[in-house]
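If you check TrEMBL, you get these features:
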- A:60-82: transmembrane segment (TRANSMEM)
- A:102-120: transmembrane segment (TRANSMEM)
- A:155-176: transmembrane segment (TRANSMEM)
- A:179-484: domain 'NADH:quinone oxidoreductase/Mrp antiporter transmembrane' (DOMAIN)
- A:182-203: transmembrane segment (TRANSMEM)
- A:215-239: transmembrane segment (TRANSMEM)
- A:270-295: transmembrane segment (TRANSMEM)
- A:307-328: transmembrane segment (TRANSMEM)
- A:340-359: transmembrane segment (TRANSMEM)
- A:366-387: transmembrane segment (TRANSMEM)
- A:393-414: transmembrane segment (TRANSMEM)
- A:435-453: transmembrane segment (TRANSMEM)
- A:511-533: transmembrane segment (TRANSMEM)
Amino acid sequence: MSTVAVHSLWTTAVDPISKFQAPKIEYAQLSPTLIVIGAALVGVLIEAFVPRKSRYHAQVFVSVVALAAAFAAVVALASGGYGTTKAHIAAMGALAVDGPALFLQGTILLAGLFGVFTFAERRLDPAAHGNRVDSFAAQAASVPGSDSEKAAVKAGFTTTEAFPLLLFAVGGMLVFPSANDLLTLFVALEVFSLPLYLLCALARRKRLMSQEAAVKYFLLGAFASAFTLFGIALLYGYAGSVSYATIAQVVDGTVTNVDPALANTMGNDVLLLIGAAMIVMGLLFKVGAVPFHMWTPDVYQGAPTPVTGFMAAATKVAAFGALLRLLYVVLPGLRWDWRPVMWAVAIVTMLGGAIVAITQTDIKRLLAYSSIAHAGFILAGVIATTRSGVSSVLFYLAAYSFVTIGAFAVVTLVRDAGGEATHLSKWAGLGRRSPLVAAVFAVFLLAFAGIPLTSGFAGKFAVFKAAAEGGAIPLVVIGVISSAVAAFFYIRVIVLMFFSEPNPEGPTVAVPSPLTLTAIGAGVAVTLVLGVAPQYFLNLASQASVFVR
Amino acid sequence: MNPVNYLYLSALLFTIGATGVLIRRNAIVLFMCIELMLNACNLAFVTFSRMHGSLDGQIIAFFTMVVAAAEVVVGLAIIVSLFRTRHSASVDDASLMKL
């Protein structure tokens, strides 16, 4: 290579400051993200300056208002045509404002909003020393069982930091599916992962399990993001740029003006294949697809249940959004290479999640394996590489996130002396003791199983139809088989709830405040509406299914 | 010297880090190995930047450092809270949820 040419770049003086052009940022089009991140910063200030007694109310107020305002901003952008005709790339090429991005941002914001409702629930745990408490530790820094923890509980402390952490996580998730260069992708990945690691460690009950879940999630998550980063480095080496459009051009071989300094490394297929594989691996870790799913059951079980519900719903939406954009915008020229691999991943994910779930005895672990199986079903839609594939994945993600938040909210209600009673044996006969809660949970399980008239059926049908049209018939057959296997263990829980004798020392069902009721009610309503009349939302997803390049 | 050699070095460092994560048992050592992997990424970015004659890679290296610093803050907080509870930072001991 010509080292002289390269060196002249370092030694040429930069342009005088008067010629510096300020970057053009479309603030209005980025307003959903800016509102959420701004509110998170306000939440940090509230922690610093507002007296401890009023922090909880201030934090809940700020979080709810911010998420609702950001959702309104997304709706305004979408109705202003930014999802379809005016879709473009904003912020100097860093972020895409287009249909899939707006649709997924709306879904993430609603998941975040109902997540805040479950976070703020204070009627489930018995009042400690006259203070109402939520699911989070009195003082996360104190050792479990120590005097300082007892003092914190007695003083009525709560970890109100959970709300700004949730907002930071939502902020990162909003950027993740709309990131249009690899650096933004990586920063967004970390911005939403780091708060989630912390939230996992904050449980009020079973704190050892909670801390253990956080350590496992953190170490494995950081390991996976290091792989992602090395993949980004290799793709940068391959294309000489981290922008999605440029990389796609280099992959297609349509790049017009080749820099002589680039000629040495550019178009080196080894860099491209290894780099793309490592980035996709990091994203598959976040969605919990099978070779990279090991963290899912432990983290879902150990984390505080409201956090599990939020994480299960919103992380999956954000990560599948980023995966779709990466595969459809950056690597479409490579699809003959990635499709066979994704086929294999989808098959083992569907079968693995469904089969291992059968042996589970803990309701949170069971839902974790069910979420792995669902990741496989969604991957089947991703593989379609058609427009209907994108729209089916968008619809599935929206349907799935409401069911998940609702199901985990119901899990928080069933309690005994030690907190939540998550062992399946304790759920026996729940339908006789509190028919309403059991019926609501049955609706969610039927939606997970994909029974007609629930949103799960409409989503699965759309995904499998898109996969079949894309020529993946064997994948659809395996998907239907693993749906049947999965239906077995969902139905088994329903049978256990309604057709077995209740244990006299069994758990009680706590009466929640309107906050959790709203989250559960929204889950049921969306499940039924998307199940009975999915057409409007399928059309919406279909309109939103074109990526801007 | 041919800059490609730095790429081999970066791949080697990355592999050492990844191997360390897989075979070591102390959470702090695991974490150090992950940091080694991130630094290997930085070396790759800077080398590619030199080879392409563009500054992007060097800027990205700064972003990586900031992200790594944030990760240290969160990671050490979590590992220290685990250590204070259990008086051990071994990841093998943390097995409450094993099947």
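Glycine is no exception: its Cβ is also placed from the backbone N, Cα and C atoms.
Not measured: the values here are computed from a predicted model.
At the 8 Å Cβ threshold, with sequence separation of at least 6, the transmembrane segment (A:511-533) lacks contact with the transmembrane segment (A:60-82), having fewer than 3 such pairs. Within the same chain, residues 100, 103-104, 107, 110-111, 114-115, 118, 121, 124, 135, 305-306, 308-310, 312-314, 316-317, 320-321, 324, 363-364, 367, 371, 374, 377-378, 381-382, 420-422, 426-427, 430, 437, 440-441, 444-445, 447-448, 455-456, 458-460, 462-463, 507-510, 512, 516, 519-520, 522-524, 526-527, 530, 534, 537-538, 541, 544-545 sit at least 6 positions outside the transmembrane segment (A:393-414) and bring their C-beta atoms closer than 8 Å to a C-beta of that stretch. With a cut-off of 8 Å on Cβ pairs spaced 6 or more residues apart, the transmembrane segment (A:307-328) and the transmembrane segment (A:435-453) reach fewer than 3 such pairs and are scored as not touching. Highest Cβ contact count with the transmembrane segment (A:155-176) among the listed stretches A:182-203, A:270-295, A:340-359, A:366-387 falls to A:182-203 (criterion: pairs under 8 Å). Counting only same-chain residues 6+ beyond the ends of the transmembrane segment (A:366-387), those with a CB under 8 A from a CB of the stretch are 287-290, 293, 296-297, 299-301, 312, 316, 320, 323-324, 327-328, 332, 335, 339, 342-343, 345-354, 356-357, 360, 393, 396-397, 400, 404, 407-408, 411, 424, 448, 459-460, 462-464, 466-467, 469-470, 472, 475-476, 479, 482-483, 486, 489-490, 493, 542, 545-546. Same-chain residues lying 6+ beyond the ends of the transmembrane segment (A:270-295) with a Cβ under 8 Å from its Cβ atoms: 182, 189, 193, 216-217, 220-221, 224-225, 227-228, 230-235, 237-238, 251, 315-316, 318-320, 322-323, 326-327, 330-331, 334, 337-338, 341, 345-346, 348-349, 352-353, 371-372, 375-376, 378-379.
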